[in-house]
């Protein structure tokens, strides 16, 4: 039985005589201190010093005082908090206790008076009704006192008599080790509701959501985050307590790193304001146009920096606990309670996305460390290519050998191409004697599999005149990729074969949605929405994970990492997706074109994780299916608090421990009625369906659901399955027919698909728009960075391919900027946090920076050619302002690299490509976006090539591919080089006094050239040759600009020229 004390915030349990009793207090005399080794000693009154009144742990007074002042303030043995003894100095926690005046006398036992004192103590706790009625006890339930009394022995055996052999007839109260309890926490979170732990285990699952929400919230706040073991109920009770702990935690960056960083940011903001004030109030009269252009550019750069900087104010890391996830949902010997997950793989063109790459991704999914009956892999072939279909059939056969090999030897990664290409000691930690033999055999099997795939690829190079035919002689339905029916093929799963060990494999399903002329297909977003519907009809996983065809599972536990957040009752109900960072293979050593995007993934997204969560980056993301359906999140009052800067400066609105967390059952009803963001709630639909009393009302409800989700009763029924799985009323024989129906080209007509549900249409970068809509409804997202990267993919290392990729991203941002979903004006009545909105605004306006950036990069050349400058002669004070500005810029960069652990080279590559992309791809995106939105001139979607290098490592890096994107940066390079030559020539002709002003102009020009240096190397290529067409066009433009500027120099007065000409004559 458990009893409690409200005033002392602790519980005790009585032992019976079968337990090992604690030592009588009289035996403590002569004990050795268990910390320092000295004698325990006596008090001032000559009695044995007892540090802990609960267990009598031997501790001398010096160690006792040290532990209370500088230590944990708890007994090392029983973890009970030390009480203050008379004469001991007070510590902070003593202020909350009752005054202690006679602690020593209360336990002042000596050899001569034990008999006089112990009977009195025993009488106080005897089982007589007189004493029981006078001893009220308060229990704690959710932080509220509940009065109670110690029951009589015949009712509940409150006290177990343990007779001291030296004191016959006297009952001694034996206490368990005591833990200090937080009165605001539920007792269930400590595992101390019932002595019978077996009963608690049975009732645990019914109470887990309620308790975990309360407990995890306190855990993240650092209140009660450490849970001590009971030490008496055995390993089973400890296992139950461990299973109830949060499955993840927030790891804040050290304040020693963040505080200087924030101080420098504030100082930089102040210095920037002073600098801009100086620049705007000190024009250059003889170069007014150049000065005005430079000031406008600098003001925009300052605004752009603010948009980028503020969301990085409060970065965080996260840590997951896979062992707790297993204890809670996936115990050995019991059916797994992990949620079902549907994995989406999207591909379009097998010529640019090689089937072998897609096959490796699929194999890594099928071999993932997750219950096979909980995983389904859907491959979307939006190009309806028979090559993809046949390659997937070969992949399904090979997986029957590959999957058991991976699981038997627990290898990583589980994509065979990348596993066998690892240059590591593959025998490390592999103790099975059969491993080497089986690995060699598996490698031979994989080489044969590659040969079969390559034969299919070679065969697909020449398309037959009559189109492709299948093995049974029938025509391939997808011969016309723009006009074909929907196709679904289940390769593995319940209807497929078993692996070589006789075990079931995850489902593998091929899907190609229907396409017909006259229907808008919305590219990748439309294909993903088709996968949402077909997966809901066939498997209906509670969570969805999407990856590109070239992003394989590098960590077989990636899904479990995501489930640590998604299945956590405290945050899972309000988490729309878990985003993993993108990591890449096959990038050159120096990452010439910043393909790794390290600054974005390791700095920007960690900053957003401390606000409302990272943006969705298009791949490597695990979604909550309910969030994609447009439903409302389950929010608490904490989620509606001010933005993080206000919270950091002025504190939270919470008021200590007395704050009450809203009840879990009430959270689902939290909605904003005045929001212009469509918000749906599961309970609303339940009421719609169950609350009607007549068939007419039910018909109206059905029409509303069809208007939202489309005319598929099976799919609509699946949307109500919040935990996944198919409804019990579903007829398996009709599922494939219904699946074909939901991927038909006209299914989305007059529904909310692409508007409020699923992937959102309206931009080629559908990922940004989809994540923004979820955040606007109040959902949060999580950034998960496991120690072993979850996914790895390929990136375009060729300059032209890289620029085309950046062009597509920038074009999508411009489309969102000019749409109704623009974060500048959309969803202000929703639940999007201020700093999150600023981050989204920065995500869509960054291409506009290309215009001032282009102008700013041309300024050094014009200054050198015309012998003018954008800054007037400056005083010492102005010089100090400039030096402080540059110092603050570099100081903030260095401190940012320090807390993020990003390498300096990665940061510099990012800065260089910001200029390269800004003066090329971003500039083109602005004009293409304007033409597309206002003139209706659409641009073709270009799939980035994922083909691997066949001519050697990084051969693709040196291949030149012509694109008009190369012209603007090349022109900037040539103009600045011409300007440098002109400036030096002028200084040589003008004498020594002209070299001083020249230095500032040369530094300005070299700053531009240094940022464009990787671009210059890309132009030269392996043979150090630049294509003639690029040289001709760039030289022509540079010459035109230079001659035109010299001919109509606006900074030299016409009268001056005329006068000089006259005098020369």
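Cβ atoms here come from the backbone N, Cα and C positions, even for glycine.
In Swiss-Prot, the annotation N-linked glycosylation site falls on 940, out of 798, 940.
Record check, Swiss-Prot: UDP-alpha-D-glucose site residues include 346, 352, 353, 382, and the candidate from 459, 462, 523 also listed there is 523. Topologically, per Swiss-Prot, residue 285 is found on the other side of the membrane from residue 991.
When the stretches 287-307, 851-871, 964-984, 996-1016 are ranked by Cβ pairs under 8 Å to the transmembrane segment (258-278), first place goes to 287-307. The closest partner of residue 548 (Mn(2+) binding site) among the recorded positions, by CA position, is 353; the full candidate set was 52, 78, 352, 353, 382.
Counting same-chain residues at least six beyond the ends of the topological domain 'Extracellular' (279-286), those with a Cβ under 8 angstroms from any Cβ of the stretch are 292, 294-295, 298, 868-872, 878, 1051. Of the ranges 287-307, 851-871, 877-897, the one with the most Cβ pairs under 8 Å to the transmembrane segment (996-1016) is 851-871.
Residue 382 (active site) has 523 as its nearest neighbour among the binding-site residues 52, 78, 352, 353, 523, going by CA to CA distance.
For the binding site of UDP-alpha-D-glucose, formed by 346, 352, 353, 382, 523 according to the record, the largest Cα to Cα distance is 16 Å, rounded to a whole number. The stretch from 287-307, 913-933, 964-984 that makes the most Cβ contacts under 8 Å with the transmembrane segment (851-871) is 287-307. Shown are the binding-site residues 352, 523, 524; of these, the residue with the fewest other Cβ atoms within 10 Å is 352. For residue 524 (Mn(2+) binding site) paired with residue 346 (UDP-alpha-D-glucose binding site), the C-alpha to C-alpha distance reads 8 Å.
Only residues 6 or more beyond the boundaries of the topological domain 'Cytoplasmic' (985-995), in the same chain, are considered here, and those with a CB under 8 A from a CB of the stretch are 864, 867.
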